[in-house]
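J.: Pulled these features from TrEMBL for this protein:
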TRANSMEM  20-40  transmembrane segment
TRANSMEM  60-82  transmembrane segment
TRANSMEM  94-117  transmembrane segment
TRANSMEM  129-147  transmembrane segment
TRANSMEM  154-176  transmembrane segment
TRANSMEM  188-208  transmembrane segment
Amino acid sequence: MQPRTPPPSSPPADRARVDLPWPTILAVAVLTVGAVLLGQRDWAVPERVLRDWQVADVPSSLTALVLGVTATCLLVGSAVTLRGAALRPRDPVFLVWLAVSLLAAAALIWNALVLAADAEFQTGALIPVFHWMFTFVPALLTGLAARNRGAVRAVAAALGTGVVTVPLLGLGWSLFASRESMTAGLGNSLWATALLGVGPLVIAAAISRSSALSAAWKREHPTR
């Protein structure tokens, strides 16, 4: 009697399909919509200047809004990233997430204040140049830092930055469109955020997934 040939092994589940971190995705969506809605209120805006930081006389109410949204996003983002990517607070990957998220938050706070000041005198569409980098770069850096943790955790870490960056980007666009009608302001803000925020975030997460799968394959097939 001939020995039975074992069936071919199936590819690892992590390689065949990556489970998405749905709590993280939900947090991005809820915080973004909330930030856009808050930005549509008739806030007092800063003065636009052409020197230094390009804004002056920032109202205290707007400062409280931007800092409050930022703190909320950082707290929620930390929680869902630690859980979704299975990290500990002292994990090097989480420290990378925290560093790039703080830097991105600082840049997006400045961006929101500049856009709020522009709302007073600029009408029509704003031509974005580098706005896509606000979500793409933090996600890519964090995802690549987690590439040796597996595709699932790399994607979760990359998307975790979006809990901070996407809502703050949406807040900036909403402040810029706050002098429009509510319907037009909401529509334009959400569209710009989806195109320049969510799109680059998803691309960065996909690159992180591909990098993690490549790293896993190299570990399984070391060069001799």
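Cβ atoms are placed via backbone N, Cα and C, with glycine included.
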J.: For the transmembrane segment (94-117), find every same-chain residue at least 6 residues outside the stretch whose CB is under 8 Å from a CB in it, and list them.
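T.: Beyond its ends, the transmembrane segment (94-117) has Cβ neighbours at 43, 45-48, 53-55, 58, 62, 66-67, 70, 73-74, 77-78, 81-82, 85, 87-88, 126, 131, 134-135, 137-138, 141-142, 145, 157, 160-161, 164-165, 168-169, 171-173, 175-176, 178.
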J.: Residue list, the transmembrane segment (60-82) vs rest of chain: Cβ under 8 Å, 6 or more residues beyond ends.
T.: 21, 23-24, 27, 31, 35, 38-39, 43-46, 88-89, 94, 97-98, 101-102, 105, 108-109, 112-113, 116, 156-157, 160-161, 163-164, 167-168, 171, 175
J.: Taking the transmembrane segment (129-147) as the first stretch and the transmembrane segment (20-40) as the second, find out whether 3 or more Cβ pairs fall under 8 Å, excluding pairs closer than 6 in sequence.
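T.: Contact absent: fewer than 3 Cβ pairs fall under 8 Å.
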J.: Under an 8 Å Cβ to Cβ limit, what residues of the same chain, 6 or more beyond the ends of the transmembrane segment (20-40), are close to it?
T.: 65, 69, 72-73, 76-77, 80-81, 83-85, 155-156, 159-160, 162-163, 166-168, 170-175, 177-178, 182, 185-186, 189-190, 193, 197-198, 201
